[in-house]
Amino acid sequence: MIPLDDATRRQISAAKPDSSTWVSANAGSGKTKVLTDRVARLLLAGTPPQHILCLTYTKAAASEMQNRLFKRLGAWAMMPDDTLAAELKSLAPDAALTDEEMRHARTLFARAVETPGGLKIQTIHSFCGALLRRFPLEAGVSPQFKELDERETNGILSEALDELALGDGRDEIDAIAMYIAGQNDIDPLHLAQQIVRKRESFAAKPSSDDIWNWFDLPSGFNEQDILESVFMGNEDHGLISAATAMESSPNKTDVTGATLLRGFIGATPSVELLQAMSAVFLVKTGENQGLSKFGRSHGGLPTKKCTTIEPDALGKLADLMERVAHAIPQLRALQSAKKTAALHRFASAVLQPYTDTKTRLGLLDFDDLVQKARDLLSISSVAQWVLFRLDGGIDHILVDEAQDTSPDQWIVIRLLAEEFTVGAGARPDVARTIFVVGDKKQSIYSFQGAAPDAFDDMKEHFKARLGDAGTALQDIALEHSFRSSPAILTLTDQTFSQTGGHGVGGETHHIAFFDTTPGRVDQWPLVEPEETDPEPDDWENPKDLLAPEHHSLRLAGMIARNVKSMIETGSIPRKGDADTNIEPGDILILVRNRSGLFYPMIRALKKLSLPVAGADQLVLNDELAVKDMTSLLAFLSLQDDDLALAEALKSPLFGWSEQDLYSLAHNRTAVTLWRELRDKQAHWPTTFQILDDLRSTSDFLRPYDLIQRILVRHGGRQKFLARLGNEAEDGLDALLHQALHYESTQPPSLTGFISWLGAEKIKLKRVLDESSNLIRVMTVHGSKGLEAPIVILPDTLREPKEPLDELVDLGPNKTVWKSSKDRNPEQIKQSLTQLKTKNDEEERRLLYVAMTRAENWLIVAGAGKTKKDTECWYKLVEDGMRAADAAEQAFPSGLGKRFSHGNWPERITKEIKTTQTHSQLPNWAQTSAIATPDQAKFISPSDLGGAKALAGGPSARDEETAMRYGSQLHLLLEHLPNHAQESWFDIATSLLSSGELFATLAELDTLLAEVSHVISQTYDWPVFGAHSLAEVPFTGTLPTLNNQSVHGIIDRLIVQGDSIRIVDFKSNEIVPQTPTAVPEGLLRQMGAYYEICKAIYPDKNIEIAILWTRTATLMPLTHDMVMSALRRATTS
């Protein structure tokens, strides 16, 4: 038997099916493999699939695990015996393998798929939802309940607030109004959302006495009590004495202070007076903040020297200042208590209608699923029945990503496993187990309730409970990384060891499984702000638009150029494979959030035409295609909405230019744009036809059907993709999905859908395909579970943030409403300090996740300046690089540091290898081929030199656009004359719907107008008659030019009797008035046509003319004129 390495041995031990196991797994240690191995071994041991419950953190993780497992089981069913035997032995090397076990292994795929109930691999929320559907009466929920998303939750809350404001809840609204007035970052809905998230804390409905007690205040304590403790009635005498003494002091500080004291003389005692005195009497900052200034050496009032000269006169002032210092904390506590009391009254008023609405409609929100499942398993009157039914159904519980499990979710898991170790649940005939795998270092979802401390607490809980039942809990650490190279792992360990492992549960220890794999960590020097980073001076630009010279944009540009160089010239080592050149899909760029560098980074990559996957989150309302569609829908809902119509016309749907819109809107006679367009529909027939069709159907179609009509019948999807690229498709599909969702919950009106769509931002996650070979830019949170050969961290200078939530917990069921930073009482300050510490720790864990996504190459950069004693990521990595003794290295932004391991491969040049043979070749194979004569070089008649257009005023089209317009016009003039005019639009749309000659609707309108004018005219020649041939190709030589070979196409050739007439279409904007004014180049071209046709038809009369399409005029040219021009032509 091949000896096992330590990493494999630990994985096999963790996957043992008969032992309860707690696994702490480093990043990249193969925990998903261990999970699937354990489930496979449970099935091999005879456990029915329906008796296994595997709980994952995300649906994507559940799908990934199920796919892996089914792929393995499916492969077992078809493997040769020797291959299957080797596979099974790799799972359990020490176990004997029988023929019966081999046969059993081949049936596991069918059993897992076909067994009723099946193999349960799901998220905790999915499991709780299934549990509630199984026991709806016991749980007190509707059997057909529906799950609310965040948007629907906010809709119910908004309705509840409206009912409060219009009904009996106005007092509760008024109670909080004084605290949120003038604050931009909070409103009643925002506050209600936070209340819903903490609903259980508000369920106790504390009394005012309870709340006062939280702040160490006696019952009934109020402002009058505070004022009476400060103002004894003799303050004026003391203030006058003190002011007089201080005015005689030689120190200006004392004199200024005396003036302030005199301002308090005679004032009526009040809270405002107390606060004004505190601003003068108390130290504002530093370690003595809030204490009396009296006699202090620095910033004293009065100064220390003054107090020694006039101690008697200042005695009463000192007492007053001490009373103020003692009263201010009480005042802050009282104000917070009153604010919190108002919060709890408001919470009770909001939560009741919110809960009633959910119950009436049979709805449960995300938190309800877990909380009601917890309650179902906790209530003694029904819990025994539920646990009895589940006890017979679950023998093994597996928990993935346990570090992100919330306390309520842990309670559900604990209650499910409770019967494993007590009473009838501890069945002697079945080895029932619990398996938990996680990594505290990767707990980064506190905003979703994750509590990393609970990871250790629950381990101790299960260890104790299993120990009481006579079984042990295996505690296994998976330290080997199958992902990252030694360089990245060493630098990671060094980085977190410098801070004592703060935030990651102690100093980290990683072992690279592929210990010879080359790797490197680069830290670029900071891109610092220039002396004067200029602001944009264009008044049309948004205020927050960064100037191109801004340090953040300069860093984004450096990274983009570096990435381009990597792809073009770099190579990467592969684990276990030959080295390969760097591909776009090898690069992952991680930022902290979607503000700041996120979008500039994507733009910088796209600017260099690099293949980038785009944003990993779709904000539906901000997508350009969705904005354009919404504008069109808004117009269809209200035809007088000129702005909406103008926005729709400028969109890719219609492709109008600024000039087109100006022509319609300026000096219009109609009141609205739509009426003006309707009156002038002859100028824009295509646009009018589409809008008229949509208007006539918008009252009868559901929003989904109307959107589909725009995208399919009228080619909207194709037009958006042609203009905006394939990324637009995600937004359009999401818009359709939202329309269906709206129709399933609301009356399907267009006006209602538009209002619903614009009510709030709709955020949708985009799954970036790892196999698409595109550069990925995403947040660190979004990268959890992903990996890449090269990871770039450009967003490393942000400081840990202060807690943002308005609501703070002083303890269990003690939720309070914080105030501004300088007005919080000590109780709230302590809680905020604890929250700040937890936030700092999570920031460290976020850095750990970011660093360990890298397989071979980690690049750390930053833009801005670091502060002294900063704890930003850049500084933490810098300390780690110093400890690792990294070497200096030149980078795009200057001289930085590199820590590397192994020999990095050079760029691989792919060569075609040939195999030489020594066999004798026949003579014919060694004879050179006879040289072929030089082939004649063909030119086009348009290549004969000379100007093609008259000089004149400014042109509406550049040269490239003009050539494209001419080609479009020629194509239409070739095909349309042979068809009825009513079909011209459909034919033109088909001809110009794609490729280089693609035309927008606005361009199509212009083209059709010009073509119609040309075809409808009567000419001396039958240009479009029965004897006219379109687009006639020819090949020949020009004797006039030394028999130069020429190949071209004649637009119209009219062959009639003895006459040959040549017509060439020209779309010049400036039309010559006489033949003598025709540009030289066009005359040479017509001369070539004449000489070729004369050679082909020597006995016929050849006539030549140009048809100017702009004016629809036919201009005949003489033979002498064109032949004279041809003789002046050049062919080189």
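Start at 1 and count along the chain as shown; that gives each residue its number.
Even glycines carry a Cβ here, placed using N, Cα and C.
The ATP binding site annotation in TrEMBL covers A25, N26, A27, G28, S29, G30, K31, T32. Long-range Cβ contacts of K31 (ATP binding site) within its own chain (separation 6+, distance under 8 Å): V23, A25, D400, V437, D439, L478. For the recorded site, K31 (ATP binding site), the DSSP three-state label reads helix.
Under the heading domain 'UvrD-like helicase ATP-binding', TrEMBL lists 4-485.
The domain 'UvrD-like helicase C-terminal' feature in TrEMBL is assigned to 511-785.
Marked as region 'Disordered' by TrEMBL: 1-23. If you look at the region 'Disordered' (1-23), the same-chain residues 6 or more away from its ends with a CB under 8 A from one of its CBs are 29-31, 33-34, 37-38, 41-42, 44-45, 47, 91-93, 396, 431, 433-438, 459, 462-463, 466, 471-478, 480, 482, 511, 513.
For the binding-site residues A25, A27, the greatest number of Cβ atoms within 10 Å around a candidate Cβ is found at A25. Same-chain neighbours of the ATP site beyond A25, N26, A27, G28, S29, G30, K31, T32, judged by a C-beta within 8 angstroms of the site's C-beta center, are, in sequence order, D439, L478, S481, F482, R483.
Confidence over the domain 'UvrD-like helicase ATP-binding' (4-485), given as mean pLDDT on the 0 to 100 scale, stands at 89. In the three-state DSSP scheme, N26 (ATP binding site) falls into the coil class. Cβ neighbour count within 10 Å across all protein chains ranks N26 highest among the binding-site residues N26, T32.
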